[in-house]
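Okay, so here's the structure we're looking at.
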Amino acid sequence: MESFSLALLAYDRLIAICWPLRYSTINTNLRMLLIIVGIWSLVILLEIFPVIFAARLPYCGSRNVNSCCCEHSPVYRLACADTSYNRQLATAKTLTVLLGPLTFIIFTYVIVVVAVTRIASISQRWKAFHTCLTHLLLVLLYYMPVLVAYVLGNLRLVGNVDLFTAILTISVTIPPMVNPIIYSLKTDELRDKIVKLLGKTKVANG
């Protein structure tokens, strides 16, 4: 859901920078509602099918899942049957939810960069860059740990299951926790209050 949300934010930045005067007519409340409903529907479908296929497998061995939660991959590996289809399904799902939105984000930012370079004013270029900065931080913060964990898992570079589980847990929990902080610091009023509060704290300590 977060990867598709980041793609939606990239679409929003694209419209805001390339067609600023038409932003309110393009991104209407109804259109955004339909997009969000479509994303939720896609995410639910992507999660339901792996669960259904994993539930049909016979589990006659260990019931201990080597993960902090019952994800599809650690669960189907416990089955005592052929899981090649489940493995292919898991790979296809991962590529869809990670590389699909990431490709769209890169594509939109290529268009944004081309549009920004055509702006004559340096101040307007900086304003456009500042508009995208928060989103770029969120994209890096989300995709870098997830991709690293995915590469480490597939290449078997981490032999310890507990260590890999810890890496995967951090990669999917830290970014959502940091998101509100990044967006809050972007708000000028809140940022000014934090600076004033820190200034008062230093004066009091002094």
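Glycine too: its Cβ is placed from the backbone N, Cα and C atoms.
Under the heading domain 'G-protein coupled receptors family 1 profile', TrEMBL lists 1-183. Annotation source TrEMBL lists transmembrane segment at 32-55, 95-116, 128-151, 163-183.
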Quiz item: Are there residues at least 6 beyond the ends of the transmembrane segment (95-116) whose Cβ is under 8 Å from a Cβ of it, and what are they?
Solution: 3-4, 6-7, 10-11, 13-14, 17-18, 43, 46, 125, 128-129, 132, 136, 139, 143, 146-147, 150
Practice problem: Please indicate, using numbers and ranges, the residues of the same chain that are 6 or more beyond the transmembrane segment (128-151) and have a C-beta under 8 Å from a C-beta there. | Solution: 2-3, 6, 9-10, 13, 16-17, 94, 98, 102, 105, 109, 112, 115-116, 119, 157, 164, 167-168, 170-172, 174-175, 178-179, 182-183, 186
Quiz item: Across the domain 'G-protein coupled receptors family 1 profile' (1-183), what does the pLDDT come to on average, as a whole number?
Solution: 82
